[in-house]
Amino acid sequence: MRLPFISSSRQDEGIKDRQLGIMFKELRVVGAGSRASLQPTVSSPFHPSTFLRKIREIRHPSTRELLSGFEGVVTPGEMLLVLGRPGSGCSTFLKTLANQCGEYHAVEGQVFYDAFTPKEIYGTFRGDVTYCPEDDIHFPTLTVNQTLSFAVRNRTPATRLLGQTREDYVEDTTTMLMKVLGLYGSKNTLVGNAQIQGVSGGERKRLSIAEMLGSVSPLGAWDNSTRGLDSSTALELVRTLRFITDVKRTTTIVSLYQAGEQLYELFDKVCIIAEGKMAYFGSAKLAKGYFVDMGFEPQHRQTTPDFLVAVTDANGRKIRPGYENFVPRTSAELASRFMASDLGRQNRKTMEQRRDQYVGKHEHKQAYLSSVATERATTTSVYMTSIPHQIKTVMKRRLQVIVGNKFELFVQLTSQVFPAIIMGTVFLSIRNDTSAYFSRGSVLFFSLFFSAIVSVAEVPALFLQRPIVLRHQKAALHYPFIQSLAHTIVDIPITLVIQLIFAVILYFLVGLQRSAAQFFIFYLFNFLMLQTMKSLFRAIAASFKTRPSAIAPLWWGFGAVLVNEFHTLDGVCSTLVPQGPGYENVSLANQVCTMVGSQPGDLLVDGNIYVGLTFNFWYGHLWRNFGVICAFHLGFLAVLLVATEFNTLSNFDGAVILFKQGSDVIDGNAKALHEVEVDVEFRSGCQPKAADPSTFDNPDRNTVIPNLFTWQHLQYEVPIEGGMKRLLDDVTGFVAPGKLTALMGESGAGKTTLLNVLAQRIGAGVVSGGRFVNGKPLPIDFQAQMQTHLPNATVREALLFSANLRQPQSVPHTEKEAYVGKCLQMCGLEEYADAIVGSLGVEHRKRTTIAVELAAKPKLLLFLDEPTSGLDSQSAWAIVQFLRELADHGQAILCTIHQPSAELFQVFDTLLLLCKGGQTVYFGDIGENSSAMLNYFESNGAPRCGSDANPAEYMLDIIGTEGTAVPTTDWCDVWKRSSEAAQLQGRIEKMHEHGRTRPSQLSVQDSVFATSWSHQFIALAQRNFQAYWRSPTYIRAKFLLNIAGGLLIGFAFFQANDSLQGTQNKLFSIFLGLVLCVSLTHQLMAVYIDIRIVYEVRERPSRMYHWTALVMSQLVVELPWNITTAAMFLFCWYWTVGYPTDRAGYTFLMLSVAFPSYYTTLGHAIASMAPTAPIASLYLTSLIIFVMIFDGVIQPFIELNWWKWMYNVSPFAYIIEGLLGQAIGGDAISCSYTELVRVNPPKGLKCGKYMGPFMEFSGGYLTNPEATEGCQYCPYKTADQYMYSRFNIKDSDHWRNLGIVFGFVAFNIIAVFWFTYFMRIRTVSVFASLRQKLTRGT
């Protein structure tokens, strides 16, 4: 193996490799807060105990001890293995050694990185001490090669081999890492995530490993980095780490669960953690003997790491006869026994030697600094590359992210073009006379207001990338603020192009001033406003840990584009007064235009005067406004960069187990439940009390012939660019009751894909082959299993929900509750019965997953996808032993499993082994001591399996995995030609023949569901009400947005008067109040989709309830909250604006009942057709703009021209007409001084006599009828006249409008069900179905 960063040529050319060891003494880590707490609810802040607890926490912050009494040393060239049960402190120990202590309350004791302190390392050499977390977080739209190249490029040393450019180094290192870790074949494949199809989970894990290897750090901590990898790939990874550690003299610290013997032998030292205490630290070779001498004994065929972990487990250890009274009884005793042992004293001696040699030695610091100087652009920075280089690389990555998600770019462009076309045609070829002055202002306002709406999408985008930015900051790849700066820079040309298209379409369709200068000023301000709005929302998102709402500074931009448009506009008056019968011969000197800013005797109205008098905007303010907006933009950008840099670093959340309100009071300083037994006596060979599995038997099982699930010649292909990719290739097998079947193979072999195909969870691609029960097509009550739950429910509630809906309705509820209690007992979840599922750790969440399926009493088959991944050997053994007991009592189980020990592997009856490409390598019995499986491989030319070897690792080594040597035998071809494959086909055919001759033993129900629709609806409504009650952040956000919005809008139009502008202000106060529904709808769509995901992933495949019950329950639960919060908006807004009290009743019905009913059902309808919340947000933005354009406010009804028919289908039009018409109908208009137009009557006539005939048929009034000049005329006398003539609003239609709005609500409800069925339930379209049939025919 040859990697560019460990080449011997580096030494030959004088490039100094630096080394870094670590020594720690009396290490103690204290966490903030308690491990267990009560789940907050909506009412929690109002409970007196909550207030008292907050005061107590402020005065005496709650802390918990995570680690204590650790001491040891790891020198360059050594590999340390950290072992312990989940929750014992392994991750905390690794993070502390990797100097990532920001999430902890305090780290006490002495820690030295040779001659450096942790503070010096963090401030100057952070990239030299790295931590690879357990979770794999990457940009999903980047390819494997792009992701890895970015990490390598930002850690490329300034001094390289002679003649090697930076790009050569990046290319060589990236290529070699991909080849070593088996990723080269997937280098151009997207990384993907849960929503975007990409590489497999195992390949994603290897990418995380490669990313850290590319950082070339002298000290690396790897936290369970083999999770999800097969044993052969895991072994190859550790061998790679061993090679790099030996050659480059790095310091390597690794925590692993279920480590194999070969893997263990690669380590120099081992640290064993027992519930936060150090039970052992020293030579890996001496660890087993140390504990055996102490009185412990390994189980039969138990690997050394499994034995070492078992020692720390009261229920998993085995004590040698005669030592019962001598072994340590607590974790504290284990730690003290080691400290007093010879190995403990030797450990301290080694520490002191290292301390004397390095700590405080200036020469070692200088040597290290000289090595750093050859690699970095500057020695004063913690980062290896300069800020300009970081900006360049992050900008390149941003472009790659955009290119990788072309659909999002297309939607972004479409979301700008579509509204521009619609708005342009609404204001098509606008007139230059005064009748279009209001419309011109409206279209200019819309162009800027639209920027605010589309910019809201920036908030979720920033939150999605925050974990990645945090990870890269910790790895010293780049400053966090670089991500935001690069994002902004890359966004500029894209926004320029998109905004140019938007501006050209809108500007020239509307027919605004045809001047190049005015067009480009319009374009400039629209572009600048969009950038400013994006910076604002990004800054707000970067400043908070949860998604907030915000308002925007649109006023300055609106003023600028308004004066720009009206500066050269002298509009011809469209309405002169007086005119009509009797005024045919009146001269222009005795007439005046009714538009604000008109002058007596002047047919033209200066646009500058109109804008100045109406809005107090003047042309001289144009570039002042530009400067103000630039200041806003730069200010928001500065806040964004600062917040990204610092708030990203504080984004830590400790793991806290939450219990529902009313549970036993938990002491904030108490230990977690999995640590409760730390201070009690260990018991020898004692297993926890469990329910008798026989209690789960079907009472009629002994009289029923078992059902057999089979599949034949399964193939599955998915479309990719350039054709189809086959993920499963001719897979055949069966699962019988009473049998525990293991599904194994290398990472990316198609194990999870096969489970999904068998469980009918595949929505895309083409599946061929057959799936049968007793030779008949798969029945409707086929049950699958996934680890997805509603996070707000308790463990008991999750089980009760499953039992309540999946067991027959005839079963009494008390019997179901008793059965759930047995499930809790059998799964070891009694202490966690009231714990919130979303707060559980990995092990207990897996137990909950299994318990939920058991609560349903599955009759056919139970699927499990990696039930032991992320667990230690003892927990994995407990899970598999539990599955064994279920199988022994008739349950059929198929599960994928990674890295099983020999004893764990032996628990299974049958093996289905897949290789890359989804092809079968072996299907059949495992046999006693794996004899059947071993005989198959050995009889076909494989070398013999050693007596001490793990058969599960042996078979993966034989067939070869990526990253290992290519096998000389094509085992897939061997299987196809084998007699065992032929016998399997014959056996399945006999099963089918036998099954078809007898009736199905599966229960026949009148419905596909176990319970009635009403029963399902009630259960779902109860669960959803409970989930909302336990989501205080979501509910409080509703209240906050309505109250703040009501106050803000109310005081913006405070006590609006009865003038024309005041009446118009009341109209806009309603319009802006309706705009709040955009944010409210964004919120509820995300919640709706989250709950729907639980249904689609878990509850729909389990046939738990009908989808219509879910949809209806969501509507019923969401609506009361929205009505309540809308009432709060009404109280804050109605009287503040100045509406009369005696008309508030109708306003309440329309604004607090009908309107929330409308936007609630609208949001659910849009979410029903969207796959994800971001896509739903894009749909909503486009639709809500469409609704607002035609509501008669932005463009008055009389100006809609041929679009008037759309006014009749805009719900906002009826809401606004009902609210404003009823609220001010019949009120008198009192024109302000600037709104009164002044006309001079002919000589000898008084104003009243001159204007009287005109006012009789046109309306309006005079303020000085006896005057002989300067007649002050108001064009409107009543609000009804003004509202109807301008906005088509009639008071008499308010009850009709209320009924129409409820009609829209009914339409939305129908749309929710329609879209849910056609977009989410009936997932295969007509064309896809036809294509699938044609494919099968070929």
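Just so you know, glycine gets a Cβ as well, placed from its N, Cα and C.
TrEMBL annotations: computationally assigned, not manually curated.
These features come from TrEMBL:
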- 52-300: domain 'ABC transporter' (DOMAIN)
- 709-942: domain 'ABC transporter' (DOMAIN)
- 407-430: transmembrane segment (TRANSMEM)
- 442-464: transmembrane segment (TRANSMEM)
- 485-510: transmembrane segment (TRANSMEM)
- 516-537: transmembrane segment (TRANSMEM)
- 622-643: transmembrane segment (TRANSMEM)
- 1039-1056: transmembrane segment (TRANSMEM)
- 1068-1089: transmembrane segment (TRANSMEM)
- 1110-1136: transmembrane segment (TRANSMEM)
- 1148-1166: transmembrane segment (TRANSMEM)
- 1178-1198: transmembrane segment (TRANSMEM)
- 1298-1319: transmembrane segment (TRANSMEM)
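Taking Cβ pairs closer than 8 Å, the transmembrane segment (1178-1198) reaches residues 411, 415, 418-419, 422-423, 426-427, 438-439, 442-443, 445-446, 450, 453-454, 456-457, 1067-1068, 1071, 1074-1075, 1077-1078, 1081-1082, 1085, 1162-1163, 1166, 1169-1170, 1204, 1206-1207, 1209-1213, 1216-1217, 1285-1289 in its own chain, all 6 or more past its ends. Mean pLDDT, taken over the domain 'ABC transporter' (52-300), works out to 85 on the 0 to 100 scale.
The stretches the transmembrane segment (1110-1136) and the transmembrane segment (622-643) do not meet in space: the count of Cβ pairs below 8 angstroms, excluding pairs fewer than 6 apart in sequence, stays at fewer than three. Each of 622-643, 1039-1056, 1148-1166, 1298-1319 was scored by its Cβ pairs under 8 Å to the transmembrane segment (485-510), and the highest score goes to 622-643.
The stretch from 622-643, 1039-1056, 1068-1089, 1148-1166 with the most CB pairs below 8 A to the transmembrane segment (1298-1319) is 1148-1166. Distant neighbours of the transmembrane segment (1148-1166): 1073-1074, 1077, 1080-1081, 1084-1085, 1088, 1111, 1114-1115, 1118-1119, 1122-1123, 1125-1127, 1129-1130, 1176, 1179-1180, 1183, 1211, 1215, 1218-1219, 1222, 1294, 1297-1298, 1301-1302, 1304-1305, 1308-1309, 1311-1312, 1315; these residues of the same chain sit at least 6 beyond its ends, with a Cβ under 8 Å from one of its Cβ atoms.
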